[in-house]
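Engineer: The following block contains the structure, expressed as structure tokens.
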Amino acid sequence: MATMGQLWANTGSALATLMFVYTIFKQWFPHVGDHFEPFFQRLFSRFYPYIQITFHEYSGERFQRSEVYLGIQSYLSKDSSSRAKKLKANTTKGSKSLVLSMDDKEEITDEFENVTVWWQSKKEGNIRQSFSFYPAADEKRYYMLRFHRRDREVIIERYLEHVMKEGKTIELKNRERKLYSNTPGQNHGNQTKWSHVTFEHPATFDTLAMEEKKKEEIKSDLVKFSKSKDYYKKIGKAWKRGYLLFGPPGTGKSTMIAAMANFLEYDVYDLELTTVMDNTQLRRLLIETSTKSIIVIEDIDCSLNLTGQRKNKKEEEDEDGDDKEAIEKKMMKNEGDKKESKVTLSGLLNFIDGLWSACGGERIIVFTTNFVDKLDPALIRKGRMDKHIEMSYCGFEAFKVLAKNYLDVVESELFDEIKMLLEVEEIKMTPADVGENLLPKSEGEEGETCLRRLIEALKEEKEEAKRRVEEEVKQKKEEEEEKKRRKEKKAEKEAKEEEEKKKKKKIEENGDVEH
């Protein structure tokens, strides 16, 4: 046994010495060494049971870093900080934090399905290259993966896919999320393009003024959507979902969008339809959006004239008139249309769920409106706007969220009175107005003072609502009286005309008799 062990030790030492000599020989005589390389590789592979795979930092034209390399770097960063002895910190473009990775010549181990692999970070010099367009021209960095040949199937078929998937997830989590808006390009004629700023809106579902049950329902829907890639593929639908947020101004529609984006860690694309010249540009903007994003069209009922494109018969008859004023108005309208957006309802419908909507994936489309009744039913039907969420006036549960947000008050004797005003007397006040009354107006203002101010505002709103109802009743009564007067006047006119007809007929009859 000792003789056999000594034999293997001597063989390993001899191979190491041979490889060292071959490396030196190849460095000094590169062209000659290339002829012997296949022989040495076959000889080495007989005694070396490990397989190596290299992943270079730059590949192809080398003007951009390899996505595979960056994915591996992100994957290894989760273990490098705790296992590697030497680390390096990098700032990756679009990342919100430093990326820690193992330094050159460091090695860490990883396990997958009871298989151990070794990762090494390596660097090679390139003294023959004098100039290059990509960074660190004299250095070539790469990761080397080493594993036993018996584990080839596990590594090739499952482990590498696992590394890229996990690396992409970590990369997306660490990225700096963005808020995009479409603006006309100064050097692109009338074309619009996306520009962005960092998305830093602090809204979350915890701070959203809404009933807890309703928030949980929305969160569950969002989670289910984000994990349903295979399901959408199975049923043959594009991986997207539409949300319609409707309600009076100040009820938190924009805040809801921010909370959704923060919950899913998605980017936000704020689409302004009035700057999009036609359907072609709209489609181009859609193609340029990324996955894991929310595309928002706020106040869609005001963005374009999409609600009146399906004219009824009466409207068409009115437009068929040939009076001079109508013709002049039509000419002015056509002149203005040349400068305005020509996005049509059909183009917007194709944007939502046409063939082009399947480009990419994992997108949420959100429409907001103050007047849902004004929207064309085809625009908001199920399948386009899958979930309709009413953003209503502030209830007691929503008030408690706002009281905690603004005042750090969880319970107070004044809550019962506020509950009475909001729920029993059903006083309508938006969350925005409630928040404004709860906001301390000076440095030392107490929470109780803010609560009392809210109570007074609710009582004033009650009186104002009562006054509006009285005015509406009065106006309605006046309208009915006016309608009655017009009806009586019309009946009187018709009776008078009928009397005139009778007199005329009688005169005509008398004339005929005389003749």
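Note: Cβ is positioned from N, Cα and C throughout, glycine not excepted.
Automatic prediction, not curation, is the source of TrEMBL annotations.
Straight from TrEMBL, here's the annotation block:
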TRANSMEM  7-25  transmembrane segment
DOMAIN    239-395  domain 'AAA+ ATPase'
COMPBIAS  462-478  compositional bias 'Basic and acidic residues'
REGION    462-515  region 'Disordered'
COMPBIAS  489-515  compositional bias 'Basic and acidic residues'
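Are these features on the surface or tucked inside, and what are their neighbours?
Structural biologist: Beyond the ends of the compositional bias 'Basic and acidic residues' (462-478), by six or more residues, the same chain brings 421, 425, 427-428 to within a C-beta distance below 8 angstroms of the stretch.
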Engineer: Using DSSP, how many residues in the compositional bias 'Basic and acidic residues' (489-515) fall into helix, strand and coil?
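Structural biologist: Counts, helix then strand then coil: 26 helix, 0 strand, 1 coil.
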Engineer: Count the residues of the compositional bias 'Basic and acidic residues' (462-478) that DSSP assigns to helix (H, G, I), to strand (E, B) and to coil, and report the three numbers in that order.
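Structural biologist: Helix, strand, coil within the compositional bias 'Basic and acidic residues' (462-478): 17 helix, 0 strand, 0 coil.
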